[in-house]
């Protein structure tokens, strides 16, 4: 079996998956995408004093400002999640969550940690794709199924979202000489390049979803670590952040690459 024939069969499988899940995939994608905000907002509720004390100790801002910071994070994240899941004021909710990402990047000194910064940017890419989806849905009676209408801002949102999403995978590359790591890096790099330039986009994004899901369950199994250990919270945070990026990739599968992509340009040739 030739390479082209194998690729064609793989694309047929991806198209069949999309046809079967078309009505449900955008809803699942949104749920996955907001999962890290939902988990973080709930965690702040249960760890109210610890979060407040951490901000006060780190920045020396005092009880009042530390309380305001935690309250803003809690209400902003949970409120944004509710609006996105209910499909009300989605664009405002996305902008609010963008603000939460920026605020946390500064407050928790993520700006100086390249790995966490890249993951936060990838999370922002998912929100950009959600903004693009909200522009395409309008007031269709089939809410959740993207329409075919295209606009220039939407196309560039999809491009920006795709490029930012691939930053997550750059944090997963392992620089060691083992055969498995080299193979994983080569395959992963090829897939993220395909998603970024928008070539064979749905197939590449779906493959990355499967790969990232397997990595997430294997490496971030927080449920296997006792809750009182610090590693539990670290793995839990990592698990839900990765799940949010999976949600962004599922939106790529559901929406397609957009107008600024190799897949769309091929139609003009």
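Numbers run from 1 along the shown chain.
Cβ atoms are placed via backbone N, Cα and C, with glycine included.
Small disclaimer: the values here were computed from a predicted structure and weren't measured.
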Name the residue range among 140-161, 206-227 that TrEMBL annotates as transmembrane segment.
206-227
Transmembrane segment per TrEMBL, picked from 32-51, 92-111, is residues 92-111
Ranking 63-85, 92-111, 239-260 by Cβ pairs under 8 Å to the transmembrane segment (206-227), which is first?
239-260
Beyond the flanks of the transmembrane segment (239-260) by at least 6 residues, Cβ under 8 Å:
14, 18, 22, 25-26, 28-40, 119, 122-123, 125-126, 129-130, 132-133, 136, 146, 150, 152, 154-159, 161-162, 165, 168, 195, 198, 201-202, 205-206, 208-209, 212-213, 215-216, 220-222
Distal contacts, the transmembrane segment (63-85) - CB-CB under 8 A, six or more residues away
30-31, 33-34, 37-38, 40-42, 44-45, 48, 51-53, 55-56, 92-94, 96-97, 99-100, 103-104, 107, 130
